[in-house]
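Pulled these features from TrEMBL for this protein:
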DOMAIN    24-340  domain 'Tryptophan synthase beta chain-like PALP'
MOD_RES   63  N6-(pyridoxal phosphate)lysine
BINDING   89, 189, 190, 191, 192, 193, 339  pyridoxal 5'-phosphate binding site
Ligand code: F0G
């Protein structure tokens, strides 16, 4: 098998690149689709839940899928600098890909409101960090304005190449399952990722020779063509934090608040695309409190051995609740996107953990007592 060299190389025929496009890649993509074992058992429901562990991308989030495309196209166009507003992950990714390309990255982040790991990444990769006394939405507004005044390429998801890169997650899921899932659950912040997945699923569906996009008389949604691609598209389900839930409120939110800082966004840029994805797929949006988000993060870490950041865990909170209440029926195949790695935000993890942090003398008897006292009975 040839060495994996990143998603642009792999999906070159489905992405807007040419033979001579200078590809900027860190071998992103190709992330594992892990089948959950213990949570479905605990739910006592016959469902197949998979997590697409995007935290295993090179900078620890799904942003790398979009960033390889955005930076590749920026370099192809001769750009010497990129800029983004970010709740953390986009800035980490932009910084890394700019470093790789040998160009500058300017990142606008809300002061004091991004997780430590993300800040460390942006700093280590040598980006120019502009902390603003305002939230992501204010940063996004400034970035849109500044691009008219300075020679910088915006690499937020309003850059269409970002969504092109991110759509490849849907291709990988279809390849791994041999079909699209019945439900795809994911966190929604700026709303680019849910929109990108819908593009990816829709393009795959469009390869059907019968040109149908839903289950048809020929295949009932489960046919396979020579490409191994199925026709049916999943129902898209987007989850938001209650304090930052414009899709639930039906209007933009001016002062978004949530512990899941990655999705602390009140004015999503892909608002209409995300609504279209949910409507066309017959999906829905729902919301969760910060407490529920943290419980889901812990559940996944403790029961499945998978560590994701708080924003990502909302997809698990949502899938579990909607399986329990029957909105997602038994027999379903569900994919939850885990958008970012848990190590991005160690502070929130340590604060909420109830794991015993014992302190003993460096003596055999003390260690032995600590072990025996804490054995699971
Ligand atoms: N999960 C994580 C870990 C994120 O970092 C983001 C977005 C989302 C989910 C939501 O995805 O915006 O496409 O709906 N983070 C952006 C950033 C905004 O700046 O890193 P979305």
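One is the number of the first residue shown, and numbering goes on along the chain from there.
A Cβ is built for glycine as well, from the same backbone N, Cα and C atoms used for every other residue.
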Neighbours of the pyridoxal 5'-phosphate site 89, 189, 190, 191, 192, 193, 339: Cβ within 8 Å of the Cβ centroid, same chain, sequence order.
62, 157, 187, 188, 194, 262, 263, 265
Looking only at 89, 189, 190, 191, 192, 193, 339, the residues listed as binding pyridoxal 5'-phosphate, what is the longest Cα to Cα distance in Å?
14
What is the Cβ neighbour count of residue 189 (pyridoxal 5'-phosphate binding site) at a 10 Å cut-off, with all protein chains included?
31
Counting Cβ neighbours within 10 Å across all chains shown, tell me which of the binding-site residues 89, 193, 339 comes out on top.
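Counting every other Cβ within 10 Å of each candidate, the maximum falls on 89.
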By a simple count, how many Cβ atoms lie within 10 Å of the Cβ of residue 192 (pyridoxal 5'-phosphate binding site), its own Cβ left out?
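Excluding its own Cβ, residue 192 (pyridoxal 5'-phosphate binding site) sees 25 Cβ atoms within 10 Å.
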Roughly how many angstrom lie between the C-alpha atoms of residue 193 (pyridoxal 5'-phosphate binding site) and residue 63 (N6-(pyridoxal phosphate)lysine)?
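Counting only the Cα atoms, the answer is 9 Å.
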How many Å lie between the Cα of residue 89 (pyridoxal 5'-phosphate binding site) and the Cα of residue 63 (N6-(pyridoxal phosphate)lysine)?
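Between the Cα atoms of residue 89 (pyridoxal 5'-phosphate binding site) and residue 63 (N6-(pyridoxal phosphate)lysine), the distance comes to 7 Å.
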Taking the Cα atoms as reference points, how far is the residue listed as 'N6-(pyridoxal phosphate)lysine' from residue 190 (pyridoxal 5'-phosphate binding site) in Å?
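Cα to Cα, the residue listed as 'N6-(pyridoxal phosphate)lysine' and residue 190 (pyridoxal 5'-phosphate binding site) are separated by 12 Å.
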Would you mind checking how many other C-beta atoms are within 10 angstroms of the C-beta on residue 191 (pyridoxal 5'-phosphate binding site)?
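So the Cβ neighbour count for residue 191 (pyridoxal 5'-phosphate binding site) comes to 25.
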